[in-house]
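Participant: Take this structure first; my questions come after.
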Amino acid sequence: MRHHSLLLLTTAITTGALTLSACGSRDDKGSDSDDGGKKTTVTIGLDAPLTGDLSALGQGIKNSAHLAITNANKNKEVPGVTFEFSPLDDQAQPTSGQQNTTKLAGDKNVVGIVGPLNSSVAQSMQQVAQANNVALISPANTTPDLTQGKDWKENNRKRQFSTYFRTATTDEVQGAFGGQYAYEHIKAKTVYVIDDQKTYGVGLAAAFSAKFTALGGKIVGTEHVNPEDRDFKAIVSKAKSTNPDLIFYGGEYPAAAPLSQQLKDGGLKAPLMGGDGMYSGDYITLNKKSAGDYATSVGKPVEQLDSAKKFIADYKAAGYKDRYEAYGGSTYDATWAIIQAVKAVVSENGGKLPTDARAKVVQALNKVSFDGVTGRVSFDQYGDTTNTMITAYQVDATAWKARHSAEYKR
Amino acid sequence: MHELPQQLANGLILGAMYGLIAIGYTMVYGIVQLINFAHGEIFMVGGFGALTAHLILPAGTGLLLALPLMILGGILAAVAVGVAAERFAYRPLRNAPRLAPLITAIGLSIALQQAIWKWYPDAKKARVFPQFKGDSIEILGATVQRGEIFLLVAAPLCMLALGLFVARTRTGRGMQATAQDPDTARLMGINTDRIIVIAFAIGAAFAAIAAVAHGLKYGQVDFRMGFITGLKAFTAAVLGGIGNIYGAMLGGVVLGVAEALATGYIEEIPGMTQFGGGSWKDVWAFVLLILVLLLRPQGLLGERVADRA
């Protein structure tokens, strides 16, 4: 034998390390333009997966935030203050998210950050945002732990970070709504539950299961997959033998699409149900057998809201290449919340941006209240949105159709 | 052991795909003792080549009609990249220390991923790959998807053709000779440079066929699909005995079946419930690899190579 084993070992280790290091940030656009003089310029940062599997959702987030900033500048929402936009790509990786936060926090002009999409990324960003006292508002994070701490299940809730807010409601609400919808509307009695082992997927599946069993439903099997997996046939065969009425997936559409297709190819008649991570147009394009599948998503469908009409029209007029997707409305609201907070801070300070603008913006966010795209926008004592509206959708041939919307009460 | 035929079929199909890719690792290793870590990306490029061929064809062309052209497109793209990699990245380093070509291979792998990410239209997320319409088919108590039949036909055909090629043709025998002893082979008048290029080309062509199968099976291709699949195929090559083409296919099938059975049945063993299921399948696949390597360091079909170094 020559150095086979050594060679194999080195290759294995190197490639392993590579997966971590190959995901630095790519878009670098410095934005330090002071017109000098009267006009103050502040920057709103953004962190979302702009490339990779989840880029459909990420691009929608970026465009919607951009739209809010453009509107604020156009209408002179905050007199004397011009907003700039600094979007960064996290590729859904916690390490990249943290680097992006550090970078944005290092820029004195940044008054707040919109994002991220993934709860697992948020976990790595919260500390950095807190240490720099910069507001972080996610339009999409739904894991309860992020705001209420890990003991929320025992009703021992405690705010985790004073700088973290979100305009998306939690998995506790969304999962429970899903469980109730599955039992009462889909009339499922038995469910097979699958999650992708990520913060979001596990939390959502747990909340769903808790509510579904509390109502009298039965979980006939559970399974965990890796988020990068695309072959689920072995799991399909297992699920088939339990013959469930419904399959629930806690995870995102890149894996959910092939999972759903393989379930149906494997002879299961039961539909797949998931949360907002599955509620994307790409779920349907990637999955020829998506008809009949369900997903819940936060808020009312923006198409049905009077308050969203302007947003949709503006989004169309701006001519963005990608759809606004699941989080367009909540992103617009998150960005608008920062803009409103800056407005409050500036007007309190006699029309000028104070020197400790970041801290003031964080305080102002707790008091923010306005009618946004998704409804009334304000934050509770944990930093969560006070809007607990959830909607269940079903794939009807080629598009998601809203089936049922309701406010969910804890 | 319910659903056993189905789980075996799942494993066999997945394993045949691993095996087709593993051929590329094993042939290149057998001849130049290089682990071509960019092979997973050559597989990925093959998938995009096939997709390109499909996009060029007029919309509405039947998939059966388009399939040969898609395979051709995939093979062209993959072989072009594979041969270029050999010529410009590996040949200049043939006499360099062993770590140099290895690191080059890893670099090439990242470069290819990023090139597709950057320049292939809309490849920043998964792209939809055409699939056969219609329901799945029952064979011997197992449900098989239509797209998977392509793999079940293509994999044995490819193996048969390769086996005949290596055993019967002049070039094939030249390959065996180069694998045994490159210096003597050169003295005997074999153009070893040409042999090495052919090995890369065959490996790339097989990877492209696997990529078409991957696309038909999962309905998508994306720029990162080569990494995990390539790693699994490499494992299959080592499991079967790196350097042996039949070993690569056997290793692939063993690995695929092991994954399917681990997902399906480990948790039914009393006391092992928490170690079963989809999240643990890779762990069990690698446990199997370690066991095989402990008992048979040369792999399932590998020959015990006399020490040459």
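Here the Cβ of each residue, glycine as well, is placed from N, Cα and C on the backbone.
Because the structure is a prediction, the values reported are computed rather than measured.
Features from TrEMBL:
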TRANSMEM  B:12-32  transmembrane segment
TRANSMEM  B:39-57  transmembrane segment
TRANSMEM  B:63-85  transmembrane segment
TRANSMEM  B:97-117  transmembrane segment
TRANSMEM  B:149-167  transmembrane segment
TRANSMEM  B:195-216  transmembrane segment
TRANSMEM  B:236-262  transmembrane segment
Participant: Does the transmembrane segment (B:149-167) reach the transmembrane segment (B:236-262), going by 3 or more CB pairs under 8 Å (6 or more apart in sequence)?
Facilitator: yes
Participant: Kindly say whether the transmembrane segment (B:39-57) and the transmembrane segment (B:195-216) touch, using the definition of 3 or more Cβ pairs under 8 Å where each pair is 6 or more positions apart.
Facilitator: yes
Participant: At a threshold of under 8 Å on Cβ distances, which of B:97-117, B:195-216, B:236-262 pairs most often with the transmembrane segment (B:12-32)?
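Facilitator: Ranking B:97-117, B:195-216, B:236-262 by Cβ pairs under 8 Å to the transmembrane segment (B:12-32) puts B:236-262 first.
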